[in-house]
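Feature annotations, reproduced from TrEMBL:
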- 333-343: compositional bias 'Basic and acidic residues' (COMPBIAS)
- 305-343: region 'Disordered' (REGION)
- 9-50: repeat 'WD' (REPEAT)
- 51-82: repeat 'WD' (REPEAT)
- 93-134: repeat 'WD' (REPEAT)
- 135-176: repeat 'WD' (REPEAT)
- 177-218: repeat 'WD' (REPEAT)
- 225-259: repeat 'WD' (REPEAT)
- 260-292: repeat 'WD' (REPEAT)
Amino acid sequence: EDPSLERHFKGHRDAVTSVDFSLNKKQLASGSMDSCLMIWSMKPQMRAYRFAGHRDAVMCVQFSPSGHLVASGSRDKTVRLWIPSLKGESTVFKAHTATVRSVNFSSDGQSIVTASDDKTVKVWTVHRQKFLFSLSQHINWVRCARFSPDGRLIVSSSDDKTVKLWDKTSRECIHSFCEHAGFVNHVDFHPSGTCIAAAGTDNTVKLWDIRMNRLLQHYQGNSVVNSLSFHPSGNYLVTASNDSTLKILDLLEGRLLYTLHGHQGPATCVAFSRSGELFASGGSDEQVMVWKTNFDADYGDALKTQKSGSTVDGSHHTGPSEMDSGIHHKKTKTQDSGRNHEQQEVEASLANTLEHIMGQLDVLTQTVSILEQRLTLTEDKLKECLENQQKIIQNKTN
């Protein structure tokens, strides 16, 4: 079955710049040039939330891994962390000295990496938004920065036509990929963490193996590629282009699978849901679209078996991408079939509980942070009142 349009969200008043699904697929966040962040509910008849707070265009949005927070970066040089509920409260911090193009949570939800037109990439703690360090070797605007799945590396892409790979611990640039002929709009890690994909204004999508630092695949389009997203199985990649199309690439076969027409005007952003059943796209036509993936009905099972520690019995491809890059599955028998089912269930429910606790902690941290901001404001007001009183008293005694 071909991918199909599932939902259609209208509400932004300017170009959509960024889309992201929450963990449970119940919510979708989008950012726009209209300075607003929207949270859409995937349940029919549920109203959308519009969050105002940024003073200029919202360039990027992302849910935290637990789904209890949303980060947004803006042309107003700030990053905001929102609680995606009715109140829409947020904490704000000045992240850069120019437009913030990209925000990304680490997979443990503890840190955020931001990228900006001030040519730097910065890392912050989510808790209290403490600045940790800056990476500054790009010589032009940085469009995008992402943590690797294991959190040890950071990849960034820039208008200086390079993609840079950084070691988070040593804060050194490990490698610069210089094969792009234009600005590099977007970059991300393959779910396996062994390769990266980058999209550029030279109409290409390129995949590199980051262990050997060599080009694995190269897709030549006929229009600027603005955004890309890996399917969680790692076998597919979806892209959004200026020619208004979304394209789905089959990474195992190394070929274009589908071209989807939906947007009028440039497709600006695209993202798979965490499970891969859906993907969302945004465009300069102010619209957000949600698509049903459909193209690989059995990947759900594949993902489940991967998670329970066994390997998928996938057919062994000896195509152009047979390069041990984590893009395909080797044929191996499952070792752990002996493990009893109950143990797995207990582990799963424990993992769920832990995730829930982490999420609640996120919200608590955020609430404390909001309260701290309010206290500071109250203290300032109080100080002002006292100073005014002093002046009045002085005036009277004079």
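Positions of Cβ are set from backbone N, Cα and C atoms, glycine also.
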Looking only at the repeat 'WD' (260-292), what are its DSSP counts of helix, strand and coil residues?
-> 0 helix, 20 strand, 13 coil
Which sequence positions outside the repeat 'WD' (51-82), separated from its termini by at least 6 residues, show Cβ-Cβ distances below 8 Å to it?
-> 14, 17-24, 27, 29-39, 88-105, 107-109, 112, 114, 116, 124, 126, 129, 355, 358-360, 362-363, 366, 369
Quick one: find which recorded stretch in 9-50, 93-134, 177-218 has the most Cβ pairs under 8 Å with the repeat 'WD' (260-292).
-> 9-50
What DSSP reports for the repeat 'WD' (225-259) is 0 helix, 23 strand, 12 coil
Same-chain residues at least 6 beyond the ends of the repeat 'WD' (177-218) with CB under 8 Å of its CB atoms are 140-141, 143-150, 153, 155-159, 161-165, 224-230, 232-234, 237, 239, 249, 251, 254, 320-321, 323, 325-327
Mean of the pLDDT scores, which run from 0 to 100, over the repeat 'WD' (225-259) = 96
